[in-house]
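Feature annotations, reproduced from Swiss-Prot:
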type: DISULFID; residues: CYS30-CYS57; note: disulfide bond
type: DISULFID; residues: CYS41-CYS47; note: disulfide bond
type: DOMAIN; residues: 27-65; note: domain 'CHCH'
type: MOD_RES; residues: SER37; note: phosphoserine
type: MOTIF; residues: 30-41; note: motif 'Cx10C motif'
type: MOTIF; residues: 47-57; note: motif 'Cx9C motif'
Amino acid sequence: MPRYYEDKPEGGACAGVKEDLGACLLQSACVLQEGKSPRQCLKEGNCRALQYSFFECKRSMLDARSRFRGRKGY
């Protein structure tokens with residue numbers, strides 16, 4: 001679930017998604033119960049939707065077409 005705070009400063013284009021991904025990984029059962037690192041849990045498939053959203057956000061910053069025309073699929 002996305003978390004947005006009004007008193008937090010802007011950190012960049014994908015800072016919110018990155019923070020949500022980190023929080024999701026740290027709160028997952030993989031990290032809390034099994035004691036694995038967040039990187040290992042990410043490779044196993046935890047928080048896959050947020051990982052894909054973060055990837056799409058980073059890719060849209062590099063893609064000149066989506067920068068000028070907007071994201072595809074709208």
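In case you wondered, yes, glycine gets a Cβ from its N, Cα and C as well.
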Nearest to CYS47 (disulfide bond) by Cα distance: which of the recorded positions CYS30, SER37, CYS57 is it? CYS30
To the nearest whole angstrom, state the Cα distance for the pair CYS57 (disulfide bond) and CYS41 (disulfide bond). 21
Using DSSP, how many residues in the motif 'Cx9C motif' (47-57) fall into helix, strand and coil? 10 helix, 0 strand, 1 coil
Chain-internal residues, separated by at least six, CB under 8 A from CYS41 (disulfide bond): LEU25, SER28, CYS30, VAL31, CYS47
